Amino acid sequence: MAGNTIVVFDFDKTIIECDSDNWVVDELGATDLFNQLLPTMPWNSLMDRMMKELHDQGKTIDEIVEVLNRIPIHPRVVPAIKAAHALGCELRIVSDANMFFIETMLKHLGLREYFSEINTNPSFVDEQGRLRIQPFHDFKNSSHGCTTGTCPPNMCKGLIIERIQASEGNKRIIYLGDGAGDYCPSLKLKESDFMMPRKNFPVWDLISNNPLLIKAKIHEWSDGEEFEKVLLSLIDTISTDEKSAFTSTYLKMPSNIDVSAIPKVLPVQQ
Ligand SMILES: [Mg+2]
Ligand SMILES: [Zn+2]
């Protein structure tokens, strides 16, 4: 069992095949307005604004749920997540989407109870039935202070990883992600951790520019099949390591042992 392992997943383009924000906007026919407003405000504020626009156009929460329930996902991803959980790993999500989207999709996929923690932008349905999306980090009051240059103002995933490391001590982390926002947390991982960047996606490009900056072992993956294969083989490696570490400690001789009681090995005649 890999009981000392935490697997941290990004959500968009890692667990699911697309970006859930874009998916909802596109499926509800608001792509043009989204593209028009994108240069004028941060992504997180724009998503809250888009939910207002869609609500004004008469789109309901039920329609958003229906769209989220059709999100594309590779058929090996759900079995891979369930297998990682069955092998004793603790599973967490770190995502710049929002709680309503993620919980809706996880419930629909039958995965909600497999995750012990979801770190994402808070969201709620207000009394008019409009989805409100708020920043994970309230950047209007103060910056999160990260200077990596690849974190959006509303969320530094590196700070979340540091918080997990501080509270979980020496547990190993396997991190899976695709986006530029997954670069900062990959810089925080330690030698005993594993980074799984999605090949040819922004985080993979950033890591490839200078792989020496990453202390964790890097194992790339490109689709759901490799997501499953690489993740489960890393968990297997960790379990084998843990087992042999346990065995070598367990088999160490106590110092007060009576050596005369140990049967002598007969010397081989030359
Ligand atoms: Mg992503
Ligand atoms: Zn950061």
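Just so you know, glycine gets a Cβ as well, placed from its N, Cα and C.
According to TrEMBL:
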type: ACT_SITE; residues: Asp10; note: active site, nucleophile
type: ACT_SITE; residues: Asp12; note: active site, proton donor
type: BINDING; residues: Asp10, Asp12, Asp178; note: Mg(2+) binding site
type: BINDING; residues: Asp21, Asp96; note: substrate binding site
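Around Asp178 (Mg(2+) binding site), a 10 Å sphere centred on its CB holds 22 further CB atoms from the protein chains shown. Cα spacing between the residue listed as 'active site, proton donor' and Asp178 (Mg(2+) binding site): 8 Å, rounded to the nearest whole number. Here Asp96 (substrate binding site) comes close to Asp12, Trp43, Asn44, Thr120, Asn121, Phe136, Pro152, Asn154, Met155, Lys157, Gly179, Gly181: these same-chain residues lie at least six apart in sequence, with C-beta atoms under 8 angstroms from its C-beta. The two recorded residues Asp21 (substrate binding site) and the residue listed as 'active site, nucleophile' have their Cα atoms spaced 14 Å from each other. Taking a Cβ distance under 6 Å to any atom of ligand 1 as the criterion, the recorded positions Asp12, Asp21, Asp96, Asp178 reduce to Asp12, Asp178.
For the recorded positions listed here (Asp10, Asp12, Asp21), the lowest count of other CB atoms within 10 A around the CB belongs to Asp21. The separation of Asp178 (Mg(2+) binding site) from Asp10 (active site, nucleophile), Cα to Cα, is 8 Å.
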